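The block underneath contains the structure these notes are about, expressed in structure tokens.
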Amino acid sequence: MMRSEPRAVQLNEHGQLKHFLTLDGLDKTLLTEILDRAESFLSMGEQSVKKVPLLRGKTVVNLFFENSTRTRTTFELAAKRLSADVINLNIETSATSKGESLLDTLKNLEAMQSDMFIVRHSDSGSAHFIAEHCTPNIAIINAGDGRHAHPTQAMLDMLTIRRHKGGFEGLKVAIVGDILHSRVARSQLQALTTLGVSEVRLVGPKTLVPSFFAEMGATICHDLEAGLKDVDVIVMLRLQKERMKGALLPSESEFYRLYGLTVETLAWAKPDAIVMHPGPINRGVEISSEVADGKQSVILDQVTNGIAVRMAVMSMAMSGQLQSADSSAAGEEK
Ligand code: CP
């Protein structure tokens, strides 16, 4: 079956989000709207009552077919702060273990009158597939699909960069490590180029940083010193051993020696460079503890910003769904 273009699937007839599947095809205005809305939610986390009624009466189902700590928890917190009712389906104890197919599971959750599915899955394209096969009035939010996309992670990273650097213009960003298997790197590259940074460098061994990424607007770099020289932002990535087929690396210790971020290698970047990591971090494999816990690290800010970004995306998608339903109803009445 032919797939629809992501833009056609995730935007309604007014150009508003109704699903959030990928950053591919989303313009700077829409990405900036997400960041601005997230900014407005950030201060709410410091108030004694951390709730707004934007999703009151709505049912959000967290469907994580792959493990997660940060994304699952911050989506749940975000949904609760928007006053939604939240269900966390435990996949291990669900009927999936008795052979129920993904679509049959979803049809049952649809029958429970759900309004939004937050989906993480190891298969690339799964969120898009679900958006095309579910009832159209259920908003689908991609919480990471295979090596394809992790759009809310990229947007929380953009919010973190904007808050620390004041904007995107003129910035040089290095993304270091296992680019090949990283949905985060793909979504970050789309966001950074759309928002207008001056350069994105993808840094790592040839086996993990293939040359085809240059076609997406990145500079490819196999030498850490050259890759970090004068950058404003460093994003370190974990080695995704669970997705590696064959021997792509001599050893973890060799990788750390050549590409690890330590106090010494961090000195190649600008003195005020920020250090980011989507997590989970592997200390002594891609980053030293001194750097991960050091004063240039903004890794835990990323986690906090994730709640606000997810609130922004969920409230925008729900609003886009309602506008779409209103337009359809008005069309039927004519
Ligand atoms: N960054 C990220 O996706 O982390 P989790 O796997 O813990 O959700």
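The backbone N, Cα and C atoms fix where each Cβ goes, glycine too.
Annotated features in TrEMBL:
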BINDING   ARG70, THR71, ARG120, HIS150, GLN153, GLY279, PRO280  carbamoyl phosphate binding site
BINDING   LYS98, ARG183, ARG238  L-aspartate binding site
DOMAIN    18-162  domain 'Aspartate/ornithine carbamoyltransferase carbamoyl-P binding'
DOMAIN    169-316  domain 'Aspartate/ornithine carbamoyltransferase Asp/Orn-binding'
> Over the domain 'Aspartate/ornithine carbamoyltransferase Asp/Orn-binding' (169-316), what is the model's mean pLDDT?
Replying inline: 95
> For PRO280 (carbamoyl phosphate binding site), which residues in the same chain are close in space, meaning a Cβ under 8 Å from its Cβ, but six or more apart along the sequence?
Replying inline: THR69, ARG238
> Whole-number Å distance between the CA of GLN153 (carbamoyl phosphate binding site) and the CA of ARG183 (L-aspartate binding site)?
Replying inline: 9
>> Same chain only, sequence gap of 6 or more: which residues have a CB within under 8 Å of the CB of LYS98 (L-aspartate binding site)?
In response: none
>> Treating G and I as helix alongside H, and B as strand alongside E, what does DSSP give for the domain 'Aspartate/ornithine carbamoyltransferase Asp/Orn-binding' (169-316) in helix, strand and coil?
In response: 61 helix, 24 strand, 63 coil
> For the carbamoyl phosphate binding residues given in the record (ARG70, THR71, ARG120, HIS150, GLN153, GLY279, PRO280), what is the largest pairwise C-alpha separation in angstrom?
Replying inline: 16
>> Could you state, as a whole number of Å, the largest distance between Cα atoms of any two of LYS98, ARG183, ARG238, the listed L-aspartate binders?
In response: 33
> What does DSSP call HIS150 (carbamoyl phosphate binding site) in the simple three-state scheme?
Replying inline: coil
> Is any of LYS98, GLN153, GLY279 (binding-site residues) within Cβ reach of ligand 1, i.e. under 6 A, and which?
Replying inline: GLN153, GLY279
>> For ARG120, ARG238, listed as binding-site residues, tell me which one has the smallest number of other Cβ atoms within 10 Å.
In response: ARG238
